[in-house]
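Asker: The following block contains the structure, expressed as structure tokens.
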Amino acid sequence: METPAAAAPAGSLFPSFLLLACGTLVAALLGAAHRLGLFYQLLHKVDKASVRHGGENVAAVLRAHGVRFIFTLVGGHISPLLVACEKLGIRVVDTRHEVTAVFAADAMARLSGTVGVAAVTAGPGLTNTVTAVKNAQMAQSPILLLGGAASTLLQNRGALQAVDQLSLFRPLCKFCVSVRRVRDIVPTLRAAMAAAQSGTPGPVFVELPVDVLYPYFMVQKEMVPAKPPKGLVGRVVSWYLENYLANLFAGAWEPQPEGPLPLDIPQASPQQVQRCVEILSRAKRPLMVLGSQALLTPTSADKLRAAVETLGVPCFLGGMARGLLGRNHPLHIRENRSAALKKADVIVLAGTVCDFRLSYGRVLSHSSKIIIVNRNREEMLLNSDIFWKPQEAVQGDVGSFVLKLVEGLQGQTWAPDWVEELREADRQKEQTFREKAAMPVAQHLNPVQVLQLVEETLPDNSILVVDGGDFVGTAAHLVQPRGPLRWLDPGAFGTLGVGAGFALGAKLCRPDAEVWCLFGDGAFGYSLIEFDTFVRHKIPVMALVGNDAGWTQISREQVPSLGSNVACGLAYTDYHKAAMGLGARGLLLSRENEDQVVKVLHDAQQQCRDGHPVVVNILIGRTDFRDGSIAV
């Protein structure tokens, strides 16, 4: 028989419960004190008399990172940072649409090798930028988007233009943070700038609520009641608000490092480089395809070009790598890429992806040995489990890899008949282009002929910005950029509407360059209003609008396959007159002055050199040049 346990004394559980309750209460109070910054405030005081504001901290970090321009469309949420940038000598360039500001920052990033910066106001100001931010993500452009926001205290309470902005931008940005205290502005922005350029470059987003940007006295006026409230609840609320405000500004103006943080850029290992050297050294018909990543810092374009010339392997150039070898270089192969890839025995994909542009890898021969190098592992191996397989996949910086590859292949040569075979195919294709340029069109001008004349007129110091479908697709075959980083297209996202923003960023980054924008008439509709921006800021750029009164790239497939041109028609609009209404110069090219194409182009150049933005409205007919081109 078991002896029953002695019953516990009735009051013995109470001290334990009391201890647990007290501990929980203390922990809760300590947590609340930490969140309110009460401990931080003991060591870092609030300068209540200061008229300084968080915008000054933003501007100081941007200046320390070498930022010279900030693109914006003004809004009350971000006014302090714009004013502070102006005071520190950072040029504030305001556009007529927020998406243009981000496109301009994208172009600035691509051409400068640093971070492009745009600032827009809260809510709809930010949502207007989503397309441009996604475009920058897919183009791997390091941009910093600064977004205004409602007060930290009023978020999720129905404030004006308050939405969950971080949720919108997390899928698009490498780094996505909302600043909650003034003292956090500097370290957050430094981390954002480093993240934008490290690894695979891309956009970053920093949300700046109004109460971390405006001065103490203004935030206090909005946040804390002027008269002390009566009653216990009122006093508790007042105490909470005063401490919340103090935490916002505690230590706000204490000195902090503002300069750049170290970047994390992946590099190929010596063993990987050596294996690639051995593969390429045995090649008989080597081929290289260079993409935009090859032009990323730290490798300069001049060093990369010298390395490619030393290597002696024929190249296809895409994206920002277009123009790397200049005009008519013997190693630069421009046409018949699919056929060349099928014939090559070793292919180096240097910053090039097997997406739709390489038919998802289907254009690569299974008998070819493929070396692929890319900073992004996921992108590097895209579709490799389906249509192609790399012999060597190297995650690392493309430009640095090419330089190391050339070092390992010193003295290596390849039979000249392989390059000559590819160049002969180029010459045959160019002959067909000349024949198409000579063909009459039903009305207006032959776009192939016009673009050949553009190619002959284009100066060596030009930067080409291309924005459109059919007209721009034709230009890609006929007009050659004169050097590296002199061709700006949207990239893999295929975005229409990049033209004005890209031109804006390009001209400010390279003021001595002539910026030539090639627009389709459909795409030009997105950019027309920004000629007001060019006029106001005295930014002379030249726009050539291929005006065939339609969305022709879509119409080419829609009409024969579906039997209707619905939604594809536009008008032969007087875009040159519309530009003149905005204060720019406007010129017209049509069948009436078809013998003066070069003269009109020279007139446009001269007006640009005199400081005026110019639109040349080129009325063109339709040809079969791009029949069968991809529209989806």
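Just so it is clear, glycine is given a Cβ too, placed from its N, Cα and C backbone atoms.
Swiss-Prot feature annotations, pasted as is:
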type: BINDING; residues: GLU98; note: thiamine diphosphate binding site
type: BINDING; residues: ASP521, ASN547; note: Mg(2+) binding site
type: REGION; residues: 470-550; note: region 'Thiamine pyrophosphate binding'
type: TRANSMEM; residues: 13-33; note: transmembrane segment
Asker: Give the helix, strand or coil assignment DSSP yields for ASN547 (Mg(2+) binding site).
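Answerer: Going by the DSSP assignment, ASN547 (Mg(2+) binding site) falls within a strand, counted as strand.
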Asker: Any idea what the Cα distance is from GLU98 (thiamine diphosphate binding site) over to ASP521 (Mg(2+) binding site), rounded to a whole Å?
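Answerer: Answer for this pair: 21 Å between alpha carbons.
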Asker: When you measure from the Cβ of GLU98 (thiamine diphosphate binding site), how many other Cβ atoms are you left with inside 10 Å?
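Answerer: Summing over all protein chains shown, GLU98 (thiamine diphosphate binding site) has 26 other Cβ atoms within 10 Å.
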Asker: Counting only residues 6+ away in sequence within the same chain, which have a CB under 8 Å from the CB of ASP521 (Mg(2+) binding site)?
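Answerer: Long-range Cβ contacts: GLY468, PHE471, VAL545, GLY546, ASN547, ASP548, ALA549, GLY550, LEU570, THR573, TYR575.
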Asker: Helix, strand or coil by DSSP: which one applies to the residue listed as 'thiamine diphosphate binding site'?
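Answerer: It is helical.
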Asker: With every protein chain in view, how many other Cβ atoms are within 10 Å of the Cβ of ASN547 (Mg(2+) binding site)?
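Answerer: Excluding its own Cβ, the number within 10 Å is 30.
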